[in-house]
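What TrEMBL lists as domain 'Helicase ATP-binding' is 303-469. What TrEMBL lists as Zn(2+) 1 binding site is CYS532, CYS535, CYS572, CYS575. Feature annotation from TrEMBL assigns Zn(2+) 2 binding site to CYS541, CYS544, CYS559, CYS562. Taken from TrEMBL, the feature domain 'Helicase C-terminal' covers 543-743.
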Amino acid sequence: MNGQGAPPYVEVAVPLGVRRTFTYRLPLAIGNAAQVGARVRVTFGKQQVTGYIVALHDELDRALEVDAREVREIEELIDAEPLITPEILELTRWISDYYLAPWGEVLKAALPAGANARIERVLAITTEGRDELARLPERRALTLKAQLLRMLAEQGPMTVRQAQRTLGTARVARILAELERAGWISIKHQAQNAAARAKRRKFVRLAPIEEHAAPDAARALTAAQTRVIEALIAADGELPFTELTERARASASTIATLERKGIVKIEAREVRRDPLAGVELPPLPDIELNRAQREALDQITAALDQRRYAAFLLHGITGSGKTEIYIRAMRACLEHGRSALMLVPEIALTPVFSRRLRAHFGDRVAILHSSLSAGERFDEWMRIRRAEARVVIGTRSALFAPVQDLGLIVVDEEHDTSYRQQESPFYHARDAAVMRAHKERATIILGSATPSLESFHNAQTGKYRYIHLPERVGGRPLAQAEVIDMRAVFARRGREEALSDELLEALEETLARREQAIILLNRRGYANFILCRACGERIGCPQCDVTLTYHKRERALLCHYCNFRRRPPARCPMCQSQHLHLVGEGTEKIEDLLQAHFPRARTARLDRDTTARRRAYEQTIMRFAAHEIDILVGTQMIAKGHDFPKVTLVGVVSVDAGLALPDFRAAERTFQLITQVAGRAGRGDRRGRVLIQTYHPEHYAIRFACAQDYANFYRHEIEYRKAFGYPPFFALASLLIQDDDLGRAVKRAEKLRRALDRANRDHNCRLLGPAPAPIARLRGQHRIQILAKARRRASLRSLIDLALAETDDLDRVSVEIDPLHLM
């Protein structure tokens with residue numbers, strides 16, 4: 001123990017791609033202040049980084065065989081109070097172990113963006129520097145050195161980044177080095193946390209009457225001072241400072257004078273940045289549950305009563321009323337004095353659900369997703385941390401919300417691939433949510449009209465309790481689905497067309513009835529690529545092994561993987577031919593075609609291109625809900641979670657590209673996409689109609705989706721998975737080796753394969769590869785893939801752990817446990 005009775009060593013996880021933790025010594029000055037879950041600044045190698053305390057130790061671990069004198073001290077304790085709760089610390093440790101992910105990276109991902117401190121070099125003027133500044137002759141007062149010293153003397157310490165911005169010169173680094181050598185400035189590393197601060201606002205209020213009751217306090221008030229007092233009286237004695245200056249037409253000095261007289265008080269208070277400020281909340285309809293809903297809710301509330309872990313798969317067809325069950329389960333949870341967390345797959349769905357939840361639960365609702373400003377995220381996160389918000393809704397990262405006394409987790413659209421983090425640290429929010437519920441003795445509901453095969457298999461084998469909602473609310477029938485064979489369309493027209501006569505006629509009839517339509521094509525842009533008809537060249541991305549997509553509005557060719565952009569060429573870059581041809585179609589082209597066919601119809605498009613601006617998605621959805629739009633064209637973001645009573649027609653332009661992907665989940669994703677978008681039709685008084693254009697009408701995924709027949713699709717697909725050794729029968733891992741040099745990538749992949757083979761002598765795993773990944777080059781990196789399969793996931797993790805321990809270039813190997821795709 002150190003002199004203050006605190007453990008002298010801390011275990012720190014750093015977000016630098018290493019899975020192990022590191023031991024540091026606590027300086028005597030910190031003493032008892034260091035706590036598990038707090039952030040610290042540490043020296044790691046030659047750099048300064050933010051780390052996270054995960055354990056305190058009285059003595060060094062003897063197994064490390066480290067001399068105590070070699071253990072570095074932590075440089076700075078950033079948090080007086082732990083930012084990470086014990087529950088989140090335990091959850092992140094599980095994610096690290098399960099997914100073989102660096103614990104420090106998981107902890108960094110668990111905190112809101114504004115809370116992750118950045119290590120900056122901070123400049124301060126020394127006593128010697130002040131003396132030198134005073135001695136500088138006038139002719140040298142304008143030099144960059146003098147300007148920098150004067151800034152530090154007048155403004156106080158600043159970061160190197162701030163100095164560079166202010167002086168606007170690339171020579172700052174050299175000048176700093178010279179000033180530091182002369183002893184005129186000091187340069188220290190510090191954790192900068194500017195983005196994660198509470199917002200404070202000045203308020204003015206009337207002081208209690210006895211504080212300014214003296215006769216002279218009210219004498220000699222100016223007209224402006226009188227207006228200030230009258231404005232405060234009219235506002236029940238208090239107003240924000242800026243609002244008061246506007247109402248009273250008074251200056252800041254007028255209010256300051258009143259404060260000196262003791263007539264008013266000025267104070268700064270923390271104010272909340274509310275993401276739903278000014279948003280109109282929907283009315284609360286009186287909904288009567290049907291029999292299936294009541295039985296489902298009874299099972300869930302019984303589990304909540306027991307305050308033990310329980311997992312439910314709520315399999316309800318589209319329009320069956322799953323959301324109402326979620327809300328009533330949350331209410332039951334709150335009545336037990338516990339909190340609820342709801343995950344939705346995409347940011348686009350949070351406005352819909354958050355407004356409904358706010359209407360039901362008021363200010364107890366907090367929202368967490370990446371489209372909020374750093375300040376909004378921080379405020380919401382702190383409200384959750386302080387238990388001021390007991391209902392939390394958000395996307396994947398909301399899994400880590402510091403919810404107090406968690407009683408219920410809802411994962412809506414549990415099958416959605418957006419729950420999978422596609423960059424390090426890799427994890428699946430749905431599966432991690434199940435583990436969080438288990439660890440915190442909470443109930444979890446996994447809801448979907450098209451459950452993932454893994455979840456349905458877990459329900460079949462008893463890991464989850466199965467609840468089925470087989471009917472739509474109000475007894476409404478499912479939409480009638482029809483397949484349009486595009487081979488016949490081609491034979492009839494003699495050319496390839498994006499929109500069939502059948503779909504165009506159905507649209508015309510829908511518009512004539514003043515109803516609405518949704519048109520789905522899961523591909524943005526105008527054309528898939530540009531083809532040279534002379535030599536066959538496809539205009540590709542120089543950084544990735546993919547073609548560039550043509551975007552007509554931007555008059556540009558774009559790579560949807562690395563964001564490379566170029567102007568469309570006038571001639572083929574290979575043969576200089578002018579015979580360039582646009583191939584395929586995206587949502588932008590479909591929108592143009594529809595506007596040409598139906599010029600009087602109000603058409604809009606929803607994809608990543610049209611929703612880049614904040615709240616653009618929400619505004620378009622609200623316009624469509626208000627029937628200010630007749631035809632909505634979009635990608636998969638229009639396929640889920642929405643209820644538009646006037647939509648009676650859904651057209652699927654094509655799903656063939658999805659079926660052609662070299663991925664064992666391609667059929668499952670196609671089935672889910674068609675079923676989900678078909679569920680948007682016929683949710684009002686009229687029955688809906690769904691038209692699906694395809695060149696593969698006989699494919700089982702399309703046939704079963706048209707029939708809305710999940711049971712038979714599952715039976716067909718599960719047999720395929722079993723026969724070929726895919727999840728859920730085998731655990732799967734992908735090891736991806738990346739390098740900008742192909743030869744180096746191949747050599748390292750072969751080295752890793754040999755290490756895997758040696759480790760596999762004691763494991764019963766199947767190894768495939770190394771081989772080029774389906775996308776063999778991405779962002780300038782060549783990609784070589786090795787797949788590993790095992791009946792037991794623990795064997796798979798052990799195998800990979802042993803193999804990676806033999807390699808010395810882990811930073812170039814990406815390990816994914818339970819990958820959702822193999823591209």
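For all residues, glycine too, the Cβ spot is worked out from N, Cα and C.
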When distances run from the Cα of CYS535 (Zn(2+) 1 binding site) to each of the binding-site residues CYS541, CYS544, CYS559, CYS562, the nearest one: CYS541
Among CYS532, CYS541, CYS559, CYS562, CYS572 [binding-site residues], residue with fewest other Cβ within 10 Å: CYS562
CB-centroid shell, 8 A cutoff, Zn(2+) 1 site CYS532, CYS535, CYS572, CYS575, site residues removed: ARG533, ALA534, GLY536, GLU537, PRO573, MET574, GLN576, SER577, HIS579
Most Cβ neighbours inside 10 Å, all chains, among the binding-site residues CYS535, CYS544, CYS575: CYS544
Residues close to Zn(2+) 2 site centre defined by CYS541, CYS544, CYS559, CYS562, Cβ within 8 Å: PRO542, GLN543, VAL546, LEU548, HIS560, TYR561, ASN563, PHE564, LEU778, ARG779
Overall pLDDT for the domain 'Helicase C-terminal' (543-743), taken as the rounded mean: 92
Where CYS532 (Zn(2+) 1 binding site) sits in the secondary structure, as DSSP reduces it to three classes: strand
Separation of alpha carbons, CYS572 (Zn(2+) 1 binding site) and CYS559 (Zn(2+) 2 binding site) (Å): 18
